[in-house]
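Since the structure comes first, as structure tokens, the remarks are kept for the end.
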Amino acid sequence: MALVVEDIVKNFGEGLSETKVLKGINFEVEQGEFVILNGASGSGKTTLLTILGGLLSQTSGTVLYNDTPLFDKQHRPSDLRLEDIGFIFQSSHLVPYLKVIEQLTLVGQEAGMTKQQSSKRAIQLLKNIGLEDRLNVYPHQLSGGEKQRVAIMRAFMNNPKIILADEPTASLDADRATKVVEMIRQQIKEQQMIGIMITHDRRLFEYADRVIELEDGKITD
């Protein structure tokens, strides 16, 4: 299985005020592959990631998953559930009144897991990141790095087929950033997901299978 991006164009505005943000983007990401998107501010990275996640519609072009358009004409997932696409953002966005384990189990239950299944999955993921002793604490009791690790595991809670990460390490120091990317890569490889991450940090490029460079809405050679 693969995610195939075919000639994606995105324009904002109309007429004289029209801005062309993406100008014919083509690439493919295989199952189990971890790809980094890089480019200067305004190059179109976040717009592209947002389109891939179904949060924004393209002006033209197609995104295919398993040889099927990822979204139908009403822009709903056609071959995937929404839960099959996991998002990781720069900020953790944890719910302040939920305990750490509840941040994950709630996601699992909303996706159809039983309470027992959700709890078992959440505990295992939190063990993977060394937070098994923090299950019952609240976000304000966590460090910034711990919050981000919880947010990352939350994105993996439903075993999504596609992971999209937008600058997940931007607020972390070099050591924590490395650990976070190693964690993301490990999950993608072990679960054979499709992973795409935006980052400006060239020190992290070595963890990717490929780096795709964007410039002025186009992929550079």
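Cβ atoms here come from the backbone N, Cα and C positions, even for glycine.
Here is what Swiss-Prot records for this protein:
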type: DOMAIN; residues: 3-221; note: domain 'ABC transporter'
type: BINDING; residues: G39, A40, S41, G42, S43, G44, K45, T46; note: ATP binding site
Fewest Cβ neighbours within 10 Å, where candidates are the binding-site residues G39, G42, G44: G42
Among A40, S43, the most crowded of the binding-site residues [Cβ within 10 Å]: S43
Check: same-chain CB within 8 A of ATP site center, minus G39, A40, S41, G42, S43, G44, K45, T46: L214
Cβ-Cβ neighbours of K45 (ATP binding site) (radius 10 Å): 24
Densest Cβ neighbourhood among S41, T46 (binding-site residues), 10 Å radius: T46
Within the predicted model, mean pLDDT of the domain 'ABC transporter' (3-221): 90
